[in-house]
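Data first, discussion second: the structure below is written as structure tokens.
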Amino acid sequence: LAGAFCIPLYVPYVLTGRWIFGRSLCKLWLVVDYLLCTSSVFNIVLISYDRFLSVTRAVAYRAQQGNTRQAVLKMVLVWVLAFLLYGPAIISWEYISGRSIIPTGECYAEFFYNWYFLMTASTLEFFTPFISVMFFNLSIYLNIQKRTKMRLDVFHEVHNQSFTEEMERSPEAKLSLKCCKWEQKESAETLDLSKSKAQGAASTSSLDAKDLLATSSKSSRKPKCCNKKSCKNSAPTLCSEKQMKVVSQSTTQRFRLSRDKKVAKSLAIIVGIFGICWAPYTLLMIIRAGCHGQCISEFWYETSFWLLWINSAVNPVLYPLCHSSFRRAFIKLLCPKKLKVQPHDALQS
């Protein structure tokens, strides 16, 4: 709307320095221009508030997702408030004050140099929305960070559980643990025996009946239900299941952490672009009104003015780039056929 109506009328005014379209069209242009810029800001606040509810009150938000009437009511309210902020003042200011201060061939609002009105309007149009957007997005970021920390704590708690405690929960696991311990003990005894053989054969002849009895008693303590084959099969299976579980949880946590970081980054970009586009104009407008245009160069004011329209051009691109949900919504509006994939077509492809 800004590109189709506001800019085409403003370009000749900037190039020639004169407004040639009459007083009525001047007022209409001013109303539409202020309305579009203000509604753009209020819509950013509404979107940020909606995302704030979706993160901090997820259950209640999902329950109200099908309520189209409430969503439409909020969007209509945004446009009504945006109009009420500047529209009545633009239309009726000269009638209330009793005279018009705009020279012939010029087109700007009657309150253009009224510092008190501009300060009040700027507070409602920029400062309050900017603080609100920062609050909502910061709350979203902190909530995401808190949830990520909780997930990581739970993951580390599960990951740090001892293998022995998990094995004690089932008889098969306990048996496999005994098998592994016996096999390790048996291999150690075999190694000690080979070392003693290497030292000399004389020592082997000195073994008495007591030693043989002790060796046989050790062998008898070996569990009958366990053999080397079962030890090799059961224990590694349990170990591999444990590792697969840990790897799966680790992958899930990394994915969620990466997704949360992307959300936080996109929120920071949106707030940053909003501040960059609106802060210069708001500050220069207030200063310009205070000194009646004597202390601010026309070049810088025009530059800040065009930044507002750039913000209107950037927002429809910025939101789909940062959020997949907006991207799907834009595709649904602009290219509805892309979402209509027939089942038999998908099978054939």
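The backbone N, Cα and C atoms fix where each Cβ goes, glycine too.
Annotation comment: TrEMBL describes 1-319 as domain 'G-protein coupled receptors family 1 profile'.
Annotation comment: TrEMBL describes 28-50 (among others) as transmembrane segment. Residues 1-2, 5-6, 9-10, 21, 74-75, 78-79, 81-83, 85-87, 90-91, 107-109, 125-126, 129, 132-133, 136-137, 270, 274, 278, 308-309, 311-312, 315, 319 of the same chain lie 6 or more positions beyond the ends of the transmembrane segment (28-50) yet place their CB under 8 Å from a CB of it.
Residues 27, 30-31, 34-35, 38-39, 41-43, 46, 109-111, 117, 121, 124-125 of the same chain sit 6 or more residues outside the transmembrane segment (71-93) yet have a Cβ under 8 Å from a Cβ within it. Per TrEMBL, transmembrane segment is recorded for 71-93 (among others).
Residues annotated as transmembrane segment in TrEMBL: 113-142 (among others).
Annotation comment: TrEMBL describes 263-287 (among others) as transmembrane segment.
Summarising the annotation, TrEMBL assigns transmembrane segment to 299-322 (among others). Long-range contacts of the transmembrane segment (299-322) within its own chain (CB-CB distance under 8 A, at least 6 residues past either end) are made by residues 2-3, 6-7, 14, 36-37, 40, 44, 47, 266-267, 269-270, 273-274, 276-278, 280-281, 284-285, 288, 329-330.
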